[in-house]
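Taken from Swiss-Prot, the feature topological domain 'Cytoplasmic' applies to 1-14, 66-70, 125-291. According to Swiss-Prot, the transmembrane segment annotation covers 15-35, 45-65, 71-91, 104-124. The topological domain 'Extracellular' annotation in Swiss-Prot covers 36-44, 92-103 and is backed by sequence analysis. Summarising the annotation, Swiss-Prot assigns N-linked glycosylation site to Asn44 and lists sequence analysis as the type of evidence. Summarising the annotation, Swiss-Prot assigns region 'Disordered' to 145-173, 187-231. Feature annotation from Swiss-Prot assigns domain 'SH3' to 232-291; the stated evidence is sequence analysis.
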Amino acid sequence: MAKFRPSNILGDPFALMTISISILAWLIAFISSIIADVQTQYPNYSWWAISYMFCVIVGLVTTFGTDTGHVYGVAIVGYLACGLVLTSTSANNLIYGKQASMQAAGAGFILLSMIIILWIFYFGSTPQATHRGFIDSFALNKEQPGDPSYRGSRPMSSTFGARPDTVATNNTPQMYTSAQLGGFETSSPVSGYPGGAPGAERASSAPRFGTPNPSTPGNGEQEVGEVPQPTEYPYRAKAIYSYDANPEDANEISFAKHEILEVSDVSGRWWQARKQNGDTGIAPSNYLILL
C-alpha cells in the first residue's frame, strides 16, 4: 500500500477544502444530535448516518493522503452514494424539527451531502476528464506517472489508442544500408528487380560507388523516416502530470508537471509539442490541458 503523506492533503487545495468542511459538518451534526437526543426523541437511523459518515471521512483522508483515488475510485463512489442517501434522509427529517438542535443537526447533514456530491463528481470521473485534470493541476504532490501503481491503474498504456502519423511514423520510403541489402541494391526506381528493370545495363550503376551524386546525401547522412517538423505552434498547453518518454520511441518527449508546452495540432490523442528549450516530439494529450 502507498505510504500516507500529509503533504498530499496539505498540497492539494481540493482535498484540504473538502476534508476540512466535511469534518466541520460532521462535528456540527454529531454535537447537535447529542443535544437533540437529550431534549427530545431523536431518530435512530441518523446515528447510523453519523457513524457511517465518520468511517467514510476517515477512508477519504486515507485515500487523499496516499494518493490512491485512481485505484479505489469505483469503491469510493459506491460508499459515497450510500452515504448520500443516509445524509439526505437525515437532513430531510431533522431540518424541519422544532428544536434548534435538530435544525442544526439537519444543517450539518446538508453540508455533508454537498461535500459527498463533490466527491462523487471527482472520483466518479476518469483522470482524463477535463474538470478532474483542472483540479489536479493545483495539487503539488500528486502521484507521478513513473510510479508502478500509477502505470498499472491509469488507462494510458492499454486504452489510450494508437498514435497518429507523426514525425517518423508517416508513410515514408523504407531505407536500407548496403550491408543490409547484401549486394542487391537497385539502380533504378523500378521495384521488384535487383539492379533495375530487365535488360538494363548493370554496369551503369558502377560509377555510383565512386562518384557520389550531388543530389543524393552521402552514406550516413540520410535520416530514416525524416519528415519536416511543423513550423507553427499556435497552442499552449500546461502539463498536469509528469511524463517520461518511452526510451524505445525517439518521437516521444518528456516533460515535467506544470511545464508549459507549445502545441501544433490538438486534433488527435497524441500532440506534436515543443518545449521551451526547443526540444520537439509527441506528447499524450491526456497529460496536458490547453491554456
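Residue numbering: from 1, along the chain as shown.
Any Cβ shown, glycine's included, is placed from N, Cα and C.
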Averaged over the topological domain 'Cytoplasmic' (125-291), what pLDDT does the predicted model reach? 65
Would you mind listing the long-range same-chain contacts of the topological domain 'Cytoplasmic' (1-14), meaning Cβ under 8 Å and 6+ residues beyond its ends? 61-62, 64-68, 122, 135, 138-143, 149
Going along the chain, which residues at least six beyond the ends of the topological domain 'Extracellular' (92-103) come within the CB cut-off of under 8 Å? 32-33, 35-36, 39-40, 42-43, 46, 109-110
Using a 10 Å radius on the Cβ of Asn44 (N-linked glycosylation site), the other Cβ atoms enclosed count 8
With a Cβ cut-off under 8 Å, give me the same-chain residues at least six positions beyond the ends of the topological domain 'Extracellular' (36-44) that come close to it. 90, 93-94, 97, 99, 101-102, 105
DSSP-derived helix, strand and coil totals, residue by residue, for the topological domain 'Extracellular' (92-103): 7 helix, 0 strand, 5 coil
With DSSP helix as H/G/I and strand as E/B, how many residues of the topological domain 'Cytoplasmic' (66-70) fall in helix, strand and coil? 1 helix, 0 strand, 4 coil
Over the span of the topological domain 'Extracellular' (36-44), count residues by DSSP class, listing helix, strand and coil in order. 5 helix, 0 strand, 4 coil
